[in-house]
Amino acid sequence: MGRSRGVPNSGDDETNHRSKRRRVASSGDAPDSLSAACGGAGEGGGKKALYHCNYCNKDISGKIRIKCSKCPDFDLCVECFSVGAEVTPHRSNHPYRVMDNLSFPLICPDWNADEEILLLEGIEMYGLGNWAEVAEHVGTKTKAQCIDHYTTAYMNSPCYPLPDMSHVNGKNRKELLAMAKVQGESKKVLPGDLTPKDESPFSPPRVKVEDALGEGLAGRSPSHIAGGANKKASNVGQFKDGANVAKVEDGHVDRSIGVKKPRYSADEGPSLTELSGYNSKRHEFDPEYDNDAEQALAEMEFKETDSETDRELKLRVLRIYLSRLDERKRRKEFILERNLLFPNPLEKDLTNEDKEVYHRYKVFMRFLSKEEHEALVRSVLEERKIRRRIQELQECRSAGCRTLAEAKIHIEQKRKKEHEVNAQKAKESGQLLSNTKVVHKTNRPMKIESDGNLDQKKGGASLDSTGRDSPKTTGHAGTKHWDDWDIVGFPGAELLSTSEKNLCCQNRLLPNHYLKMQEVLMQEIFKGSVAKKEDAHVLFKVDPAKVDNVYDMVTKKLGTNEEAPTV
């Protein structure tokens, strides 16, 4: 293999090639300060990842080497390559690449060019946010250093998303190394305690890069670098493996890694997630509109053996899927643009009738702009208000009012009278409910729990624990006080004749129960299963006397004989 690695790396060839570039110590033509810094980091990490020649096993880390483009992870030194050395399966006629030594500073004095490449490769491989793996891929930098460098040099660059290369354009390797060496020497004369602002010479809006390079603030050791990164950690969030960080007020950072986004206050309205499942950080709904759009092509794949018809069909499925995504995007943008996730301030002061009109007019939002729709709704509500006022004035004129003062008095009296009528109705309904409590039971008749005094004094029918009416007081007492049982207002009362109403009052039956008993009796009589009163007793869990009375009414209406009804 081209190098020895402490941790084996799995994955495709491209990942192996990139992982091979991981290094722990920088060597070669790098200045002493950089070598010491990288060496210190390597010793702290305790991992070795050096390149070596696959033929002579010579250490070629930090030197120019020849990399085979065909054989994976295969390197040769210049001497072995010059004599055409071959190691199975490598052959001397394989294509190759010349890998130059990149151990020189480029963007920052404390970051070499090869470390920059490893940083970007690590972010591409492990994702932006998996900084522990990225730092391990770089090998010579800590997690905090990687975050701080990427935030400063890339995210906050004036040339975003590219780093600022104006201070190195036109300079060769020797000039860059000399520049880093000068900065390393000037670091010794600087005071040890620096403020956070002085330790950020590579932030273009605050300190010019040329001045920073001249002052030599960047040639500090990794310990100082880590300390500076910790001091600036408030701009990039709290790190799990970082030390105690000091928060620094800095309004410069506009693009940062790990910064908490501002939350919506309670005054701005209900939470987005509570209303619709909208995630403001991802700008997505959960679930999305047409959430099953991806299922149509989840298992679809293009194969070389596909015919033209199959290929055209798959392309059409893709076009349909894209149109569904466009509709999903349109709806989401429409909701966010119209601010439909929060209550409209216009709706707060509306009456219930006006709110109903407001909601009915929401269907026209898709055809109008936001301003046009609000103007339409306001005009409709204003029209309703004017129409109500005109109707009130017409009623006042019909009542004989001739001035606005008289009309105002008439309207107040009318409202007062309506209020009294409503209060009287509510009082009557409350008395009715207090006298009789209706309890609905599933699949059996409704039970009536009357006041105990009425049951005892007026002969009301009581219910035993089995659901059957107790016949002890249902007889003549119920007939004597039948007028006390008023069924007016109960559902189904308007469907009964006078004789049927009297029957319900005498037997203390609800209209719905009577109609149901009548329906069942008619069906059974037509079937022939009920020929006399005793046959109907088993059909209902009520007092047999009530069943007999209902049976008599049904047979009377059918015009049949009580004992032998004709069908």
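Glycine is no exception: its Cβ is also placed from the backbone N, Cα and C atoms.
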204-224, 246-266, 288-308, 372-392 - the range that Swiss-Prot marks as coiled coil: 288-308
The one of CYS53, CYS56, CYS77, CYS80 whose CB sees the fewest other CB atoms within 10 Å, among these binding-site residues: CYS56
Three-class DSSP secondary structure - CYS80 (Zn(2+) 1 binding site): helix
Beyond the site residues CYS53, CYS56, CYS77, CYS80: chain residues whose C-beta lies within 8 Å of the centroid, for Zn(2+) 1: ASN54, TYR55, ASN57, LYS58, ILE60, LEU76, GLU79, PHE81, ALA85
Secondary structure composition of the domain 'SWIRM' (476-567) [DSSP: H/G/I, E/B, coil]: 60 helix, 0 strand, 32 coil
